[in-house]
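S.K.: Quick paste of what TrEMBL says about this protein:
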- Asp306: active site (ACT_SITE)
- His61, His63, Asp153, Asp306: Zn(2+) 1 binding site (BINDING)
- His63, Phe64, Arg65, Asn95, Asn279, His310, Phe324, Gly325: substrate binding site (BINDING)
- Asp153, His180, His233: Zn(2+) 2 binding site (BINDING)
- 53-237: domain 'Dihydroorotase catalytic' (DOMAIN)
- 344-423: domain 'Amidohydrolase 3' (DOMAIN)
Amino acid sequence: MKLLIENGRLINPATATDEVLNLLVEEGKIKKISKTKIIEEAEKYIDADGCWVVPGLIDLHVHFREPGFTHKETIFTGSLSGVMGGFTTVCAMPNTKPAIDSPQRVQELLAKRQEAGVIKILPIGSITKSQAGEELVDILALKKAGICGISEDGKTVMEEKLMKWAMDRAKEENLPILVHCENHKLVAGGVMNKGKLAETLGLEGIPPEAEDSITKRDIQLAQQVGARLHICHVSTKGAVDLIRMAKIKGTKVTAEVCPHHFTLTEETVGHGDPNAKMNPPLRGKEDVEAILEGLKDNTIEMIATDHAPHHEDEKALGFKDAPFGIVGLETALSLSITELVQKGTLTPLQLIEKLSYNPARLLGLETGDLSEGKTADITIIDPRMEYTIDKEKFYSKGKNTPFHGRRVKGRVMYTIVDGRIVVDKGRLIPELEEKYKEYR
Ligand SMILES: NC(=O)N[C@@H](CC(=O)O)C(=O)O
Ligand SMILES: [Zn+2]
Ligand SMILES: [Zn+2]
């Protein structure tokens with residue numbers, strides 16, 4: 001199919017482009033980019049006047065819950081949620097049941113992705129078998145099956161020797177190792193940030209040191225081994241400082257932060273809202289300020305959602321007993337534009353770098369770049385459009401968000417995967433809508 005995208009503001013970090021350009025897509029590729037009008041007969045024209053035309057967003061960190069927890073999310077509903085949020089590729093964390101710890105599990109996931117036929121899903125393998133923290137997976141076999149990295153997300157590999165070994169193996173296979181940094185001993189049953197508010201609510205706190213100590217350990221291990229370390233969902237000032245220092249020393253470390261950690265503080269927990277409960281927890285004002293500073297000076301070069309859907313009945317158990325995690329795919333872009341671009345922390349170019357170009361570089365993908373000849377994974381955003389977040393409109397099965405009712409700016413108008421429009425004028429295409437209705 002031939003598609004012409006006209007008059008859009010093309011924002012392409014790969015070439016530092018930020019100007020009004022026309023773009024021709026043909027057979028899933030970007031055929032031509034031009035300042036002057038492209039004279040071609042196309043099957044479809046998109047007038048992108050006033051909109052941003054950006055490389056399809058890439059989310060390094062989602063939980064799609066299939067197999068094992070399909071009442072929370074499936075690969076299909078998660079995929080729809082992703083494209084509605086402007087994502088064309090997501091990396092699926094392995095904490096399913098069973099965990100993604102063998103080539104067969106990877107193949108099953110990829111087959112499900114094929115069947116869903118919407119978004120690109122890159123599996124992340126677990127570090128240990130069944131995420132039990134004991135026996136290392138066969139990293140080479142998993143790599144051959146198609147993983148893009150390894151992670152024990154949701155848990156920390158507490159055994160230092162085992163972690164070092166995992167880094168060694170990941171390095172040998174040239175795979176990034178994505179780490180959830182939390183010292184189990186210091187978390188010790190905590191459910192929110194440790195401090196005055198937790199005390200007032202009578203809840204056990206999770207001290208920032210729980211995150212800082214493992215961040216420090218893993219950076220040191222990565223320095224010794226030379227592994228490609230990626231730090232997930234940074235939430236503390238201490239961790240931002242450690243990552244900054246490590247980079248100055250030349251360590252191969254990258255980091256991501258989630259929109260909730262740069263938008264909210266522990267105050268959002270209020271009297272105990274389970275939709276403000278996640279891992280790592282919402283922290284203090286100084287932590288949010290440090291994260292914003294880290295985003296600005298590129299200590300944190302990626303934004304990921306940590307999309308963690310849970311069922312409403314599970315979240316209804318009350319703050320103490322509800323599971324950790326919130327959904328993020330359908331709110332990440334608007335929150336990022338509202339909180340980071342509108343408030344002057346990042347330029348649009350810097351934001352898209354963190355939401356697409358940098359994750360693509362970490363994973364060694366050729367996407368995340370809107371240059372001629374590249375794959376046509378494209379997101380078109382109207383930055384002027386203001387709306388109120390409504391969880392009932394999410395395609396995700398998970399409605400667990402602390403952002404319901406929040407006014408935000410910037411909306412996804414088109415999501416294009418391999419040259420195929422899947423979100424058209426802000427709506428899912430009829431074909432997928434039908435499948436979604438049937439499925440529900
Ligand atoms: N973030 C969360 O609070 N929960 C995640 C696990 C994780 O990312 O650690 C989940 O799988 O529910
Ligand atoms: Zn995690
Ligand atoms: Zn996670």
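Yeah, the Cβs are placed from backbone N, Cα and C, and that goes for glycine too.
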S.K.: Enumerate the residues of the same chain, His61, His63, Asp153, Asp306 excluded, that satisfy the criterion Cβ within 8 A of the mean position of the Cβ atoms of the recorded Zn(2+) 1 site; list them in sequence order.
M.R.: Val62, Met93, Gly154, His180, Cys232, His233, Ala304, Thr305, His307, Ala308
S.K.: If you measure from the CA of Asn95 (substrate binding site) out to 10 Å, which binding-site residues from the list His61, His180, His233 are inside that radius?
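M.R.: Close binding-site residues: none.
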S.K.: Relative to the Cβ of His61 (Zn(2+) 1 binding site), which residues of the same chain, six or more apart in sequence, are found under 8 Å away?
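M.R.: Residues satisfying the criterion: Cys91, Met93, Asp153, Leu178, Cys232, His233, Glu256, Cys258, Ala304, Thr305, Asp306, His307.
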S.K.: Filtering His61, Phe64, Arg65, His180 (binding-site residues) by proximity to ligand 1: which pass a Cβ cutoff of under 6 Å to any of its atoms?
M.R.: His180
S.K.: Of His63, Phe64, Arg65, Asn279, which binding-site residues come within 10 Å of His180 (Zn(2+) 2 binding site), going by C-alpha to C-alpha distance?
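M.R.: Cα within 10 Å of His180 (Zn(2+) 2 binding site): Asn279.
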S.K.: Is it possible to get the count of other C-beta atoms within 10 angstroms of the C-beta of Phe324 (substrate binding site)?
M.R.: 14
S.K.: Could you tell me how many residues in the domain 'Amidohydrolase 3' (344-423) are helical, how many are strand and how many are coil under DSSP?
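M.R.: The domain 'Amidohydrolase 3' (344-423) comes out at 19 helix, 27 strand, 34 coil.
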S.K.: Out of His63, Arg65, His180, His233, His310, which of these binding-site residues shows the lowest number of other CB atoms within 10 Å of its CB?
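M.R.: Comparing Cβ neighbour counts within 10 Å for the binding-site residues His63, Arg65, His180, His233, His310 gives His180.
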S.K.: Output: those binding-site residues from Phe64, Arg65, His310, Gly325 whose CB lies less than 6 Å from an atom of ligand 3, in sequence order; none if no residue fits.
M.R.: none
S.K.: Between the recorded positions Asp153, Asp306, whose Cβ has more other Cβ atoms within 10 Å than any of the rest?
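M.R.: That would be Asp306, with the most Cβ atoms nearby.
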S.K.: Would you kindly give the Cα-Cα distance separating His63 (Zn(2+) 1 binding site) and His310 (substrate binding site), rounded to the nearest Å?
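M.R.: With distance taken Cα to Cα, His63 (Zn(2+) 1 binding site) is 10 Å from His310 (substrate binding site).
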S.K.: Take every residue in the domain 'Dihydroorotase catalytic' (53-237), average their pLDDT values, and give the whole-number result.
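M.R.: For the domain 'Dihydroorotase catalytic' (53-237), the model's average pLDDT rounds to 98.
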